[in-house]
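What follows is a single structure, written as structure tokens, with notes after it.
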Amino acid sequence: MRFNQLKKIHPAAWIPTVYFGMGLPYAAINQASPLMYESLGISDSMIAFWTSLLLLPYTLKFLWSPVLEMFKTKKHFVVATQFVTGVTFAMVAFSLQLNDFFAYSVALLAIVALSGSTHDIATDGVYMNVLSSQDQARYIGWQGAAFNIAKVLTAGGLVYLAGVLENTIGAFHGWMIIMIVYGATMLLLSFYHTRMLPSGGAATGEVHSLKEGFQILWDVLRTFFQKKYIGWYIGFIIIYRFAEGFAVKIAPLFFKAAVADGGLGLSTSEIGLLYGVFGSGAFVLGSLLAGYFIAGKGLRKSIFSLICIFNFQFIVYALLAVFRPSNIYLIGSAVVVEYFAYGFGFVGLTLFMMQQVAPGKYKMAHYAFASGIMNLGFMLPGMLSGFLSDSIGYKSFFLFVLVAMIPSFFAAKFVPFTHPDNKESETKEIEK
């Protein structure tokens, strides 16, 4: 199917909503659930370990990504997984009323993670198949902004609401309402995308036997590891977010921990207000500016600047841990810098995987491989972060994160590029 046949629905009608739907379950697991469990009395080490382990489907999604190449359309999987995620969030809400709520809710969030990671594969498949390389670069900021808005809504608005509800109806009932809001949002997105999402192209071909299916799976794996510079690319993808993997689970716990314990002593609602008011604008602005920055300069010339800006957030965390300011406006200013840096720098890795790793016959599956590797590099340090911060304290922990970010500078400086930043030639290749 030709590019001009695929491009029937304007990207602005579906990119923000579908990537918002991608970000919401991921942020609920990665950002909201640690604060939820902390409010419900679970220890930091248990929270960091289990909520990091919940990211395993995002790491292993490459194992079933080839299946999505074989059957139905990519739109079919997007709509179906949004529906499943919505229903499962509602089940998480009601599980909080059970005696063994932690075990049941973690199990249900694992289903959310499995559905959400499958949604990611199909969503990126639509994006890469419908848009030319030029449009991919142009809208990468939109994509990043929508994903980040979901994260800010989760870590900001909904966490703030959870803090208010904790003080009125109690933590368990408050977080039950938040989980229902997540579920209702995902169901609404599912219904919207039945009409407004492009198909993303049909399956690569019908599979008539189990043997044929395994042959396709093997071909997907073989062609991925035969890509030029693939060893470099795997290392670069892991290292890019390695420091973030340590910091992201502990940061909200550090914000909430008592001053006597080395934290900032903020309430749940204050954390939500900081992220929702101060962080949201910085997140979106950073993502949008990064998209136009890359589109103007090209990815090769931008990548080192992007990693420098991305890593600046960890300097902010370290300064907060060392000086532990009590002024809410000073902390809010730090959050603005942190979220702008994150939004600006992260889109570089996304576009790198799309334009340097994914191109080929199995574009969607190979992008899933790359993002799975990225999440592995993010998940493993996250699983260790709780034990490490408990052992050495918040101040030493965030100073350690500064050391963990150093390899990323060397990786960005020397990573080779397979495909040149020639947008015109890349567009012609996509349209063939």
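Each residue, glycine too, has its Cβ placed from N, Cα and C.
Here is what TrEMBL records for this protein:
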- 11-419: domain 'Major facilitator superfamily (MFS) profile' (DOMAIN)
- 12-29: transmembrane segment (TRANSMEM)
- 77-95: transmembrane segment (TRANSMEM)
- 101-118: transmembrane segment (TRANSMEM)
- 139-160: transmembrane segment (TRANSMEM)
- 172-192: transmembrane segment (TRANSMEM)
- 230-251: transmembrane segment (TRANSMEM)
- 271-295: transmembrane segment (TRANSMEM)
- 302-323: transmembrane segment (TRANSMEM)
- 329-352: transmembrane segment (TRANSMEM)
- 364-384: transmembrane segment (TRANSMEM)
- 396-415: transmembrane segment (TRANSMEM)
Task = Spell out yes or no: are there three or more C-beta pairs under 8 angstroms between the transmembrane segment (230-251) and the transmembrane segment (101-118), with each pair 6 or more apart in sequence?
result = no
Task = Among 77-95, 139-160, 172-192, 302-323, 364-384, point out the range having the most Cβ pairs under 8 angstroms from the transmembrane segment (101-118).
result = 77-95
Query = Are there 3 or more C-beta pairs under 8 Å linking the transmembrane segment (172-192) with the transmembrane segment (77-95), counting only pairs at least 6 apart in sequence?
reply = yes
Request  = Would you mind listing the long-range same-chain contacts of the transmembrane segment (302-323), meaning Cβ under 8 Å and 6+ residues beyond its ends?
outcome  = 240, 243-244, 247, 251, 254, 262, 264, 290, 293-294, 331, 334, 337-339, 341-342, 344-349, 352, 394-395, 397-399, 401-402, 405, 408-409, 411-413, 415
